[in-house]
Amino acid sequence: MSAEAVKKLSFEIAPSEEESEATIEQQDVACGLENLPVSLWPLGAGPRPKPFQYTPDHVAGPGVDMDPTQITFPGCACIKTPCVPGTCSCLRHESNYNDNLCLRDVGSEAKYAKPVFECNVLCQCGEHCRNRVVQSGLQFLLQVFQTEKKGWGLRTLEYIPKGRFVCEYAGEVLGFSEVQRRIHLQTAHDPNYIIALREHTYNGQVMETFVDPTYIGNIGRFLNHSCEPNLLMIPVRIDSMVPKLALFAAKDILPGEELSYDYSGRFLNQISSKDKERIDCGQPRKPCYCGAQSCATFLPYDSSLYGPLENPGTS
């Protein structure tokens, strides 16, 4: 589809004259909790997403050791000078964003391993600091819409430049035992919203964060998987070590394009020998309908979440 055709689409899905302002307000999927409304398509009577409690930020769920709403990081003392590497305590390595608020070095996979820390509420720099991107919330008009095969999806109504922040993947932060419990309760027809983030530190340790927006979450829960995604998930820390799962544009995105990311956290949907053994033993894979040329034909699979249930006291 050409750029002109996509832009035309973005105008065609605007509300009709018959739609009242009250009706349009009711269609805000974000319930007024984001700084921009998130529309729903189609308007009027018809299918609607399954109800859930909206939250723009993480909330503490069962079994989690650290409350994601607590502020544990100290703030910087940049009052008279801008936050720059070398003087700002929040920027120990290099600047996270350029002058256009784009994530630096998108497209260089080696850069993804570097931690991203933003300034927080205790910092002296103020709300206009360039190191406050993810915490500023939505910057582009987005829309939840019904796809042909993938259920509900999320698309942009505006042009999004490569490197810009798009949205978070927010929900309940869970302990591992609770994650396993919820996974084991799922049927083959239930969608799985739980994401497992694993960060490997320099000393060989692995930091795990489990987020589930099934019951409490934000618009990130509507993002579908793609084997050739246009979004990249980056852990961004602001107030504490509990990371925000921030999604940035991996390339320029045109109006009307569906937003997607790789559920495996990579750009290649590969399967390990351990996962293959478990699948061969009867654990089914869900088909992938992304339509990409490199489509792996199935959704990513994390075998560690399907093991024997742990004792709740060990989470």
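All positions are counted from 1 along the displayed chain.
Glycine too: its Cβ is placed from the backbone N, Cα and C atoms.
It should be emphasised that the depicted structure is a prediction, and the values quoted were computed from it without experimental measurement.
Cross-referencing Cys90, Cys102 against the Zn(2+) 2 binding annotation in Swiss-Prot, which names Cys76, Cys119, Cys123, picks out Cys90.
Residues Lys150, Gly151, Trp152, Arg221, Asn224, His225 are recorded by Swiss-Prot as S-adenosyl-L-methionine binders, and the candidate that the same record lists for that site, out of Tyr97, Tyr193, Tyr202, is Tyr193. Summarising the environment of Lys150 (S-adenosyl-L-methionine binding site), the number of other Cβ atoms within 10 Å of its Cβ, over all protein chains shown, is 18. Compute the center of the Cβ atoms of Cys76, Cys78, Cys83, Cys88, which mark the site for Zn(2+) 1; besides them, the chain residues with Cβ within 8 Å of that center are Ala77, Thr81, Pro82, Val84, Thr87, Ser89, Cys90, Leu91, Cys119, Cys123, Gln124, Cys125, Cys129, Asn131.
Each of Cys76, Cys78, Pro82, Cys88, Cys90, Cys123, Gln124, Gly126, Arg130, Asn131, Arg132 belongs to the same chain as Cys83, Cys119, Cys125, Cys129, is absent from that list, and has a C-beta within 8 angstroms of the C-beta centroid marking the Zn(2+) 3 site. When secondary structure is read from DSSP and collapsed to three states, His225 (S-adenosyl-L-methionine binding site) falls in the strand class. When the record's S-adenosyl-L-methionine-binding residues Lys150, Gly151, Trp152, Tyr193, Arg221, Asn224, His225 are compared pairwise by CA position, the greatest distance found is 13 Å.
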